Amino acid sequence: MIENWPKKPEGSQWTDDQWKAVVANGRDILVAAAAGSGKTAVLVERIIKKIINEENPVDVDRLLVVTFTNAAAQEMKNRIGEALEKVLIDEPGSQHIRKQLSLLNKASISTIHSFCLQVIRGYYYMLDVDPRFRIANQTENELLKEEVLDDILEEEYGIEDNTIFFELVDRYTSDRSDDDLQRMILALHTESRAHPNPEKWLDKLVEAYDVEGKTIEDLVYASYLLEDVKFQLETAEQHIRKATELAMLPDGPAPRVETLQADLALLGTLSSAARESWTSVYEAMQNVSWQTLKRIKKSDYNEDIVKQVDSLRNKAKDEVKKLQEELFSRRPESFLRDFQDMHPVLEKLVQLVKVFTERFQAMKRDKGMVDFTDLEHFCLQILSEQSEDGEMKPSAVALQYRNKFAEVLVDEYQDTNFVQESIIKFVTKDSESEGNLFMVGDVKQSIYRFRLAEPGLFLGKYKRFTQEGLGGGMKIDLAKNFRSRHEVLAGTNFIFKQIMGEEVGEIDYDADAELKLGATYPEGEDVAAELLCIQQTEEEVIDGEEGAEVEKAQLEARLMAQRIKAMVDSGYEVYDRKTDSMRPVQYRDFVILLRSMPWAPQIMEELKLQGIPVYADLATGYFEATEVNIMMNVFRVIDNPMQDIPLAAVLRSPIVGLNDEELATLRAHGKKGSFYEVMSSFLKGAPLEEEKELHDKLEWFYNLLQGWREFARQQSLSDLIWKVYGETGYYDFVGGLPAGKQRQANLRVLYDRARQYEATSFRGLFRFLRFIERILERGDDMGTARALGEQEDVVRIMTIHKSKGLEFPVVFVAGLGRRFNTQDLMKRFLLHKDFGFGSQFIDPRKRIKYTTLSQLAIKRKMKMELIAEEMRVLYVALTRAKEKLILIGTVKDANKEMEKWLDAREYSEWLLPDHIRAGASCYLDWIAPSLYRHRDSEMLLELGQGSIPDEIYGYDTSWKVEVVDGNTLLAPEPVQEEKQELLEALREKKAVPLQSERKDEVYDRLMWKYGYEEATSHRAKQSVTEIKRNYQSEEGSDNAFIKKLRAPIQTRPRFMEKKGLTYAERGTAVHAVMQHVDLKKPITVEVLQEQIAGMVNKELLTFEQAEEIAVEKVISFFDSDLGKRVLAAKSVEREVPFTMMLAAEEAYQDWQGKSGESILVQGVIDCMIEEEDGITLIDFKTDTIEGKFPGGFEQAKPILEERYKVQLSLYAKALEKSLQHPVKEKCLYFFDGNHVIKVEE
């Protein structure tokens, strides 16, 4: 078969491996295509060759081409179309080519989901599904899941004697909610749907916990953990061997060698036990005993070597101690008891998952909708049937597709999942050695495990297939990179040859996997790859992890901004392939890659400050945009106007336009009740002249609101939104603001979002608001509407995932010091495709919980998979660069980190030890140790080659490795220049001037005093009562010193106290009655008592307060001259709240600060009446007078007048400021004795 392949044409640009990938056939073929290797061109050429094959031409619709994205599918069709048109130019009479062009549009070149959809549309009658089904929106799907799950759990809670369910609830929920249980059910449902047979996977999960009659050696978890035990013991042995080598050096502590040899023997015993069984290791661990180190005279040996030896030995002991504590502190049989105890609970959990899946599928079926996992499973259901042995086999439909497709070509095969693999398997030939499946991908770029992609499928075939394809499938390596300069490729290879291996990384980065130079570039300047490690100084480290992250982002952003600006300003040159010449770099040539986007806004801000145009698709901030936020609040108010915060936001917005004072005035009309109730009440009455403008604004909005609420009940949501835009004029208004086009685009997106929502199974405004809340809860904010095109001359910021498949002349990879995200490993329960379910053992009755064997195994497995995934993410980032690669990371303590990274220099193998690679917590933990073994790090380290082999130390790659002081980045530019001059002078041993032009500035700063020191000892906001007390205290009437000298009043014990209201509570009750008494009705005992009873019913008074009201004293007031004036007044206002600014010297008699300072004063005026000749202010008092003053009221009057003079003066000032009318009279009314005092200034 191989001999029949066409030979590569003379002068062809295809490499031998590329040509092999184009023409090889007759078996399943796996093409491992490295980054930039031209895999898409190879794929297109292969398809064209099959179509135009003279002996056996294939129609394009007999090929199934599966791509990862719709954009890739369209690009593939375009490329094939262009290639066919070129062929047609050479063969204008070819009917076959013309036919292919006509077939191209309906050819099966699509994503796997589009192919599934095509199958389902064709064979829907084999399923219980409406042929008019639609694809569900993700948020809609989530809301449906909530509904189904709530119903199921409600039913379960209602079942009597549901013992196992309540056991499940007790173990996995908190006292407040069952959110954790809901998360478990949903997670198990999602994970199960990634398998061809979800129910079977769930059943296996339960079976794993049925350990009746088994030993610990029978458990898959124990087998895996034993491998990990061997790994950790091997790490411990490496530490001891290294310590032994150091101890045997000329200056080494030789007496330590004997003990170290004993340590090695002990570790050897443990390793032998680990190769036998779990029980053997357990028994060996119980007998671990470390010898005591012999005392030595440290001055006789090199102190650093002694420290290293002791440190390495302690690391080895810690490895063993960790194993003892985590795995071997319990007897093996106790682990088995955990599984047996958890088995019925897990069985119940899985039953709930199955019920949920069944109900969820039924609900989607009823609503005529499917999700993307349904597409895969429905397609698989059509293509498969169950054989007699219970396994899945191809159905008649699958056999039809097998006959139809001459070849199935899968792009990005490394990102395929188990279900997709099964679908592909059923439409291709059974035998790999005679197969028709062509797969292209790069497992080193498999970075979608979080989407349940399974790189193991690619790896399995890569290990199984051979280069010759004898007896099975064939693998072809496309290692030549046609994208990048030598410096980028060699730099990437140098790092990955040291960090990526099968044990840690899942694939060997061997000679076949290495990137090989395929591109030609002219000589360039400053093209070496760079590692810039920023030292975050103590002054820069902010308390808290979040603060430190903010600071790191700022430092890296500043450094990148400086470098980009410098490269652009200096005319740094990059190669332009179109003109085949070098040209000055432009902003569009730069990209900043981040693992995730939280730093992006800060980086954007910094670049903008430096005048650098920048673009990032943040996919956040849309709902935070002011115009969107205001509109969302309008819709919340339309849905439910009783919500105070949204309503206040709308009233304060430009739509209604109330200012702070008007909002406060409205609230003053009703302390109780919602804003909406107060507004409704306010609009029912006739407004005061000064409130007419406020009344008009509110009346306009109130009428609109009622119309919108009625409209919302009858019409579509999208129509309502456009109606609100039109009737408020808000859409036109935002168009006139700065960035008006952007704002209007955001409002149009909201309208479009509503239309999309209405295309779902949900309806109505309330549901829409819940729909949006769900989006925000999931963190799926949409990002503001795009106002900048991607082709603009701007620096781009994007995630590494988004950059996959793209290339840029200059690449910054930032945030390399950020810790890997290990949150998934910290969850209360863990799920794994192979190991199933793992959680802590929880006994709610004994109130104990501890780690189980399954949890330990799954956590370890997931950690190793996470490490492998992060390696692949880093590989994708580094291979985006065409000409210049700059890596940036920030550390808190560079010296401490360097000391850790320098351990790598002690090893002579290319691949760094597993424990160094597996122990990495960030990308720098891989990059820095790798580069510290290269000669170019000598500019930083000055340590020489040491024991590093020549092939590593002198590897053909160019690097600049630098530690950057964070202070120089945060300092202003002039300071940096001055510092540089001083450093240069110091290096050349020149005198440094002691004087500086900044001397005066430094002196002023050191001697500076805060100009408002007095203000720091006084409150900026005071109540009238507090100011009154302040005056009394200053005058000595409330002197704290005198209080101390008074004999303490002995209070009665509580059980002897007479129950009743306090003086303050009585006073509050009287004021409440005076506020609410109806002045239009006769003031009689019966009427007052009826009104007081009504106040109790409305909860304005308590029953106890009502009992204490002296009705006759209230009547006495209204019988008095002052009370009659109240009844006869033009207008009466009661309990009027106010705030005003007051000069600080008026509020504080001890004020020594600057004049002109103000404080905020707030208070409540009991009563004000407007008469023909002016305004009178009345303050009601419930002070005790009768019997307290020997001289009666005449003695009390001057004292009481002095006590309340300041208070009434402030009330009067507040009224005069707000009403612009003088207060003619200020009166105190005392209920005790029916006394009136007119207070004069």
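In case you wondered, yes, glycine gets a Cβ from its N, Cα and C as well.
As annotated by Swiss-Prot, domain 'UvrD-like helicase ATP-binding' applies to 12-485, with the evidence given as sequence analysis.
According to DSSP, THR40 (ATP binding site) sits within a helical segment. A 10 Å cutoff on Cβ-Cβ distances gives THR40 (ATP binding site) a total of 17 other Cβ atoms nearby, all chains included. Residues annotated as ATP binding site in Swiss-Prot: ALA33, ALA34, ALA35, GLY36, SER37, GLY38, LYS39, THR40.
Summarising the annotation, Swiss-Prot assigns domain 'UvrD-like helicase C-terminal' to 505-805 and lists sequence analysis as the type of evidence.
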Output field, ATP shell: CB within 8 Å of site CB centroid, site ALA33, ALA34, ALA35, GLY36, SER37, GLY38, LYS39, THR40 dropped: VAL42, ASP442, LEU478, ASN481, PHE482
Those binding-site residues listed as ALA33, ALA34, ALA35, and which of them has the most Cβ atoms within 10 Å of its own Cβ: ALA33
Count of other CB atoms lying within 10 Å of the CB belonging to GLY36 (ATP binding site): 21
